[in-house]
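TrEMBL has this to say about the protein:
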COMPBIAS  552-567  compositional bias 'Polar residues'
REGION    551-575  region 'Disordered'
TRANSMEM  150-168  transmembrane segment
TRANSMEM  180-205  transmembrane segment
TRANSMEM  241-259  transmembrane segment
TRANSMEM  324-344  transmembrane segment
TRANSMEM  364-389  transmembrane segment
TRANSMEM  401-419  transmembrane segment
Amino acid sequence: MVNFVDRLNAQVAFSPVGRWFKLEGSGHPKERVGSRFVTEIRAGLTTWAAMAYIISVNASIVSDSGGTCVCTNTTDPSCTTDTDYLACVNDVRNDLIISTASMAALSSFLMGLLANLPVGMAPGLGLNAYFAYSIVGFHGTGMVTYQEALAAVFLEGWIFLALSLLGLRQWLVRIIPESLVLAVGAGIGLFIAFIGLSPSGLGVIGGDTTNLVGLGGCTPDNYVSADLPYYCAHGQLRNPTMWLGIFLGGILTVLLMLYRVRGAILIGIFLVSIISWPRPTAVTYFPHTDAGDALFDYFKQVVTFHPLSKVGNVIDYNYGNPRVWYALITFLYVDILDTTGTLYSMAKFAGLRDPVTLDFEGSTMAYCVDAFSISMGALVGTSPVTAFIESATGISEGGKTGITAIVVGLAFFVSIFFAPIFASIPGWATGGALIIVGSLMIRNVREINWDYIGDAVPAFITLIIIPLSYNIAYGLIAGILSYVAINFIPWVIRKLSNERIVPPNYDASEEWTIPPGSIFPLWILQITGRAPPTEEGLVLEERYAPRHASVDTASQDHVNGGRSISTLEKHPEAI
């Protein structure tokens, strides 16, 4: 018997909405196998829940720059004890909560609507820390002012837009050797799993004064010192919030996935959050401290709206300052590799990569949306917007189309008004989800060419540097440089010896070639009259892969009461 969900999925698929987003059963020649309307909504909520922490985290990090506040204390250049300055910084932080949520809403919505990708967007971690601490400096003690740094971000977005329209960003990732591309995807899996284990997640891993990292999970009274939070002197693995996240957000979620319970990851995140909100418990997110009181006071507001008074449209277009150009260049090379690599990996994880051209559907529009959002983010005072690796949580829940990203955008739009609630999802609620998704993404290592050391070592370097440097771009840079260093010399020897001196197992190496297809995007080829007459030659990777290869087989994403939309197509009388 066809239930309500089956009927709704079928009706949406048969509508213009279904055809626009290429839902299965829509009749579109490139419909995405396994995509369902209800599953897309659930996937979007899951991605948003995994990303919601960015609302408060980004605001806290960027506000450390001081924003537009001016420190006039001659005895304390960073105004760490100036109450008036700190009050101004708090106003900046409140502004940035709205800015972060609004940019996440706009960019994610556009990514879904225009590029049809299940990828959430928001001001990026790492980039925001570089913006706040390296460019502007703590409380404005860096090389440029907050307003000038925003000018660098604003111009960066327009440069990216030009590169995207010309197809250069897409071409850049297509020429990267296949093993490195696979290593980036697996490295991102390790990265988000490491985040899930770190103090910003479950807290299982903490700092160590000798070994850099070690077991964490201790309570604050067991820290090495107040200046070294999460460095445990003793009492490791005794923090009750860690065990709450492990058992309910981790083990329970996996068990639900084993039994194919729909929305297992989302259930785990919200269950842990709800348990963590009451104050008189050992696992509360609002301890009876000054910081806890401030969090709880904000949480109690439930619904609020804070108009931008400190960070809206404050850009100082001082491009005559050479330090602004230094900031721009560093933003460019870090962000182009970070965002490009993340978008490509998420598209591949969703099964949307073309195996021939090695490009993915909607790549030009996706990079244009990213570039446009970077510039718009500067207008409301945020650091560069980027694709979020937490999108993998929604993809693992079955997200395959832009509906997932649209739901993420709508959820962030609602969170603008319900920011006190949505900013109160604790890290230990999402930590388990990140580890689970990391375990799904690591599967890419099976496809890396481990048989030839010239491919294996650069891939491994990429794989390991990404989580250890906390930066996707640094891992990719390390992999590319090591690949060139290791493979260039044997190539020169081969050429000089007329192919007589080659590594013994050279036949096992991956042949590096420039993928077929033009460097220019389709719109340029159409203008110049060089576009192919049809799209018959472009075949999606999912047509070669198993029917649900890109979806977690332990979830219920591709099941609707034991029926698929194709069932309804064969038996339309059931609707």
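Placed from the backbone N, Cα and C atoms, the Cβ positions cover glycine too.
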Query = Do any residues of this chain, six or more beyond the ends of the transmembrane segment (180-205), have a C-beta under 8 angstroms from a C-beta of it, and if so which?
reply = 53, 57, 173, 213-217, 229-230, 237, 239, 241-242, 245-246, 249-250, 341-342, 344-345, 348-349, 358, 389-390, 392, 427-428, 430-435, 437-445, 447-448, 458-460, 462-467, 470, 472, 475-476, 479-480, 483
Request  = Spell out yes or no: are there three or more C-beta pairs under 8 angstroms between the transmembrane segment (150-168) and the transmembrane segment (364-389), with each pair 6 or more apart in sequence?
outcome  = yes
Ask   = Near the transmembrane segment (401-419), which same-chain residues lie under 8 Å Cβ to Cβ, leaving out any that are not at least 6 residues past its ends?
value = 21-23, 32, 35, 37, 40-41, 43-45, 47-48, 51-52, 55, 97-98, 101-102, 104-122, 302-306, 391, 394-395
Ask   = Going along the chain, which residues at least six beyond the ends of the transmembrane segment (364-389) come within the CB cut-off of under 8 Å?
value = 47, 51, 54, 58, 62, 67, 95-96, 99-100, 102-104, 106-107, 110-111, 114-115, 117, 119-124, 127-128, 130-132, 150-151, 153-161, 163-165, 167, 169-170, 188, 191-192, 308, 310-315, 331, 335, 338-340, 342-343, 345-347, 472, 521-523
